[in-house]
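*Asks:* The structure's right below; bear with me while I get my questions together.
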Amino acid sequence: MPELPEVETVARSLAPQLLSRTIVGLAKLDWPRMLTPPPPEFAALVAGRRIEAVGRRAKWLLLTLDAGWTLAIHLRMSGHLLVAEPAAADAPHVHFALDLDDGRRLIFDDQRKFGRVHLLDSTGLLALDAAHGPEPLTDDFTPAVLAERLRNRQAPIKALLLDQRLIAGIGNIYANEALWLAGIHPLTPGGTLTVDQIAALHHAIRLVLADAIANQGSSLRNYRDGYGRRGNYQEHFNVYDRVGKPCPRCQTAIERIVVAQRSTFFCPLCQVLVQ
């Protein structure tokens, strides 16, 4: 699933293609369940709306429209967005497309049909924002904020990092990578981290996410940016999906366990679980 770096990369690549464009109308929809509100209402509300900003909140891509509306798009497992010529919408896994006033289309290709497109008013946007924790790359996300988020929590730190209500945008890939960089075992109860460990984890989260954005995200399967380009960060993984391979720090074989129903990779020497 695209995480913060991938969605941020998509937003940055779509912005120059979409800013100031007007949505002419709904061009294609063959999977109505992906839309909120229902298709007839959705189509009527987006027609003629001007795209004023392209941004991100957590793992949601946000297209700010005039008249107080926002298109909130979640790519889920296999979705990707492109601005392309109209014929591109005929591809077999394109389930949603919007006509733009420059003759092109914003198309949503989603092989597994898990993606979602929500048209939100100001109240809906506030609710989406409130459902997520702080953005980890903002100045407001400090070690003290991280410590407060983890206070008294006995769940494994890996599971807590995946909880979007606590911290926004971190998914399985970057939780694994940040914990390795910080030298913290993924099963460590979040509320037991020391001040030094919290500082190390805070630094690691920000560094890993920033590096991933600089490399246009990670392309393991379907992920592409708004121009159809693959990311490169998968070439820089230290532990993710590297079971049995040597740890870049100490050469110990990387191990795999399951935490919060997700594959979890760590170095048993660099990331010791303190009982």
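Glycine is no exception: its Cβ is also placed from the backbone N, Cα and C atoms.
Annotation comment: Swiss-Prot describes P2 as active site, schiff-base intermediate with DNA, evidence class sequence analysis. The active site, proton donor annotation in Swiss-Prot covers E3, K59, R262, and the record cites sequence analysis as its basis. Look at Swiss-Prot and you will find H93, R112, R153 tagged as DNA binding site, backed by sequence analysis. Here Swiss-Prot flags 238-272 as zinc finger, drawing on sequence analysis.
Are these features on the surface or tucked inside, and what touches them?
*Replies:* In three-state terms derived from DSSP, P2 (active site, schiff-base intermediate with DNA) belongs to neither a helical nor a strand segment and is classed as coil.
Shown in sequence order, K59, G169, I170, G171, N172, I173, Y174, A212, G217 are the residues of the chain, 6+ apart in sequence, with a C-beta less than 8 angstroms from the C-beta of E3 (active site, proton donor).
K59 (active site, proton donor) falls within neither a helix nor a strand when secondary structure is assigned with DSSP, and so counts as coil.
Neighbour count (other Cβ atoms within 10 Å of the Cβ, all protein chains): 16 for H93 (DNA binding site).
Within the same chain, residues 156, 158-159, 162, 172-173, 176-177, 179-181, 183-187, 220 sit at least 6 positions outside the zinc finger (238-272) and bring their C-beta atoms closer than 8 Å to a C-beta of that stretch.
When Cβ atoms from all protein chains are considered, those within 10 Å of R262 (active site, proton donor) total 16, not counting its own. In the three-state DSSP classification, R262 (active site, proton donor) falls within a strand.
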*Asks:* Mind telling me which of the recorded positions K59, R153 has the densest Cβ neighbourhood, counting other Cβ atoms within 10 Å?
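*Replies:* Buried the deepest by this measure is K59.
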*Asks:* Would you mind pulling the longest C-alpha to C-alpha span across H93, R112, R153, which the record has binding DNA, in angstrom?
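*Replies:* In whole numbers, the farthest two Cα atoms are 42 Å apart.
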*Asks:* Looking only at P2, R112, the recorded positions on record, which one has the least crowded Cβ, with the fewest other Cβ atoms within 10 Å?
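*Replies:* Result for the recorded positions P2, R112: minimum number of other Cβ atoms within 10 Å at R112.
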*Asks:* Just give me the nearest neighbour of R262 (active site, proton donor) among the recorded positions P2, H93, R112, R153, Cα to Cα.
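*Replies:* Nearest in space to R262 (active site, proton donor), counting only the recorded positions, is P2.
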